[in-house]
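Worksheet for the structure shown next.
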Amino acid sequence: MRGSQEVLLMWLLVLAVGGTEHAYRPGRRVCAVRAHGDPVSESFVQRVYQPFLTTCDGHRACSTYRTIYRTAYRRSPGLAPARPRYACCPGWKRTSGLPGACGAAICQPPCRNGGSCVQPGRCRCPAGWRGDTCQSDVDECSARRGGCPQRCVNTAGSYWCQCWEGHSLSADGTLCVPKGGPPRVAPNPTGVDSAMKEEVQRLQSRVDLLEEKLQLVLAPLHSLASQALEHGLPDPGSLLVHSFQQLGRIDSLSEQISFLEEQLGSCSCKKDS
C-alpha cells in the first residue's frame with residue numbers, strides 16, 4: 001500500500017512540473033527564456049584492481065591482487081539539447097489563479113494612494129492624486145476655488161467647501177445661505193439701478209428723436225433728387241445751386257420793388273401838395 005502511494009505522489013509531482021513548464025506558451029506578454037543545456041552523464045565499465053592475501057608455497061602468506069569490473073558514471077563532454085522555456089516578459093507577472101496568463105503589470109516603485117498599475121512603470125491615479133506613482137496631491141482649490149461659493153479647503157486627495165461665519169452650506173453645496181433662513185435681497189440705498197434705467201430710457205428717447213430728425217433732413221434731399229431729374233439737372237447739388245441763384249434773383253427783385261414803392265410814395269406826396 002505504501003509503495004502505491006509513493007508512485008502516485010511521484011506521478012503528481014511529474015504532472016505538476018510538466019504543467020508548470022507547459023503553462024507558458026509564446027504569445028502576448030510571454031517571452032522565451034534562454035536555457036542552457038544540462039551536462040550529460042554516461043555509464044561505462046570501470047576496471048578495478050582489488051588486492052587480497054593468499055597462501056604461497058611453504059605455507060606463507062602472500063599479497064596479490066585480482067581484477068574486477070564495475071559500472072561507473074562520468075560526465076560526457078557534450079550537452080543535452082535544451083528544451084525551450086518560457087516566462088512572463090519583463091514588467092509583467094502571472095495573474096493570480098490563471099496559469100500562463102501574464103496579465104498583471106509591475107510598477108517599481110509601486111503605485112501609491114490607491115493608484116493601479118496599468119502598464120509596466122505606469123500608474124493610473126484616482127481623483128485627487130497625480131504623479132508617476134500617484135504621490136502628489138491635486139490642489140482643487142487653485143482653479144475657481146474648486147467651485148465653492150465662498151471658501152475652498154484643500155485636503156490630501158480631496159477638498160471641501162466652507163462658508164463664512166454666520167452662513168451655512170446648502171444641501172447641493174453651491175450656495176452659502178445665512179443661518180436661520182434663505183438670503184434676502186437687500187434694498188439698494190444708492191438707487192444705482194433706478195438711475196441706470198432712467199439713463200437708458202433717456203438715451204433711447206434721444207436716439208428716437210435723432211432718427212426722426214434724420215428722416216426730416218433726408219425728405220428734402222429725396223424731393224430735390226426728384227426735382228433735379230425734372231429740371232434735367234445731373235444731381236441734387238446742381239439743383240441747390242440753381243435754387244440759390246433763383247433766390248438771389250428774387251432778393252434783387254424784392255429790393256427793386258421796395259425802391260419803386262418808396263419812389264411812388266414820394267411822388268404821391270408831391271402831387272397832393
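One-based numbering along the chain as shown.
Note: Cβ is positioned from N, Cα and C throughout, glycine not excepted.
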Swiss-Prot annotation of coiled coil - which of the ranges 80-107, 192-219 it falls on: 192-219
Whichever of Cys148, Cys176 is disulfide-bonded to Cys161 when Swiss-Prot is consulted: Cys148
Local Cβ density at Cys88 (disulfide bond) - other Cβ atoms counted within 10 Å: 20
Greatest C-beta neighbour count within 10 angstroms, which of the disulfide-bonded residues Cys102, Cys107, Cys123: Cys123
Between Cys107 (disulfide bond) and Cys123 (disulfide bond), the C-alpha gap once rounded to whole angstrom: 7
DSSP helix/strand/coil residue counts for the domain 'EGF-like 1' (103-135): 0 helix, 11 strand, 22 coil
